[in-house]
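Reading through the structure tokens given below for one structure.
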Amino acid sequence: GAAPGCQPLPAEGADTKTYLWARYHEMKKLVYDLLPPGVCNLLNPAAIYANNEISLGDVEIYGFDYDYTLAQYSNLLHSMIFNTARDILIEQFKYPEGLGKYDYIPGFAIRGLHYDVQKSLLMKIDAFHYVQLGTAYRGLKPVPDEEVIELYGGTQHIPLYQMSDFYGKGPSLKQFMDIFSLPEMTLLSSVIDYFITHGIEFDQVHLYKDISDAIRDVHVKGVMYKWIEKDLEQYILHGDEIYAVLNRLVNHKKKLFLITNSPFSFVDKGMKHMVGKNWRDLFDMVIVQADKPNFFTDRRKPFRKLDDKGSLQWDKINQLEKGKIYKEGNLFDFLRLTGWRGSKVLYFGDHLYSDLADLMLRHGWRTGAIVPELETEIRIINTEQYMHSLTWQQALTGLLERMQMYQDAESKQVLLEWMKERQEIRSLTKNLFNPQFGSIFRTFHNPTYFSRRLVRFSDIYMASISCLLNYDVNFTFYPRRTPLQHEAPLWMDQLCTGCMKTPFLEEMVHIR
């Protein structure tokens, strides 16, 4: 049963090689003819994407994290964090002076990577715990696929017990989920590169800890806050849009609150810059130095009040008052004192674990993930190069799957050529996003470990809070029904890419 318009199956003993190539060329023509002009730019980088159905009309209370949620920072910050932590390693931890020659490499790492402390490997892992080959780096150089497989006992798979606990911190594997971790990964890779290049032996565990501590110092000692405060104009992006979002919510009688790990004076300066000197009038509750994720899980720390100058008060907190600033505390007291429960609360954050996971799973709040990388990735997906590569890759995969029944020597040779071509296209599409690690959302065809967590812990996700301005305050988000694998043949997935025929659908009817 050949599909309509397809070459008839070759007669017994006929030239299958010619037949296979005829199907290949026909498929290629189909893909290129049926990708209509303008099929690119299908996706809007300023859209909000839903994992779960949610009506904003039901949301009465909006909560926000501060860093990378309300305040989006320019990439300049990453090189400052890198340089400062590098200098701390040299001056305080007595690391070699030669490290001073390394500068931040923008675009080296992506978010969501795992680092194997014992093996000094930085790599991308998919939703099924497989390392994506070609994305394992030791220092600044890729590790050959064969070596990676050997290191993990003859497989690309990493077992669950090694992977991570709930917050991405396993016994030997750490997951970098924070946008601030981009400079940390680059520093880690640079230091390892220096030691390997100079043949210096090092202890992997100490090295990882020293670098984490140096990066932490940049945050904890407030160095980073000083740079940003000194030049808010240069570091903070989209400030006026944040004012528009918050103002609109308040005008529609929504309650707003802020829970951040940052100190008050820093948040105050940033919010004055973005929203104006009366920014606190918009919020019902402001909680600083909250110590998330412990804020969501640990009942031990009570709230403390700060006065208007940011000095600590000593009185016991029996109510949370509008216009006051609170420090530390915990979610259990927060819920008890506000009565804000369940799905009428929507909280936005950029860190899937420490901002969103507990809120969704333990407390039933609705959650919104801020994923700034989404904007860049969608612009790449919208290019003609990506669209054509992906559609042809899908078609070629279907061809390979269907034609693997031909096992004579000449046919096998053709199939090998197709596999090689498929591999080349996969590498090409990966490199469009990031030459080392590809897209933060996919490892070739599978979702990444990051994607899996994004779907698990967020009802909606978007590139920035300002995307809310594109929707009515009562808008309902409906996630698209995407096919399960057993439904996929009915979906004519070519429809998504503009191809109106599904090759092989009729042939599949005859499979017994």
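The chain as shown is numbered from 1 upward.
For all residues, glycine too, the Cβ spot is worked out from N, Cα and C.
Feature annotation from TrEMBL assigns active site, nucleophile to Asp65.
Annotation for Asp67 (active site, proton donor): spatial neighbours Tyr73, Phe180, Thr260, Asn261, Ser262, Asp350, criterion Cβ-Cβ under 8 Å with sequence separation of six or more. The active site, proton donor feature in TrEMBL is assigned to Asp67.
All protein chains considered, the CB of Asp65 (active site, nucleophile) has 24 other CB atoms within 10 Å. TrEMBL lists Asp65, Asp350 with the feature Mg(2+) binding site.
Look at TrEMBL and you will find Asp67 tagged as GMP binding site.
In the shown protein chains, 23 other C-beta atoms lie within 10 A of the C-beta of Asp350 (Mg(2+) binding site).
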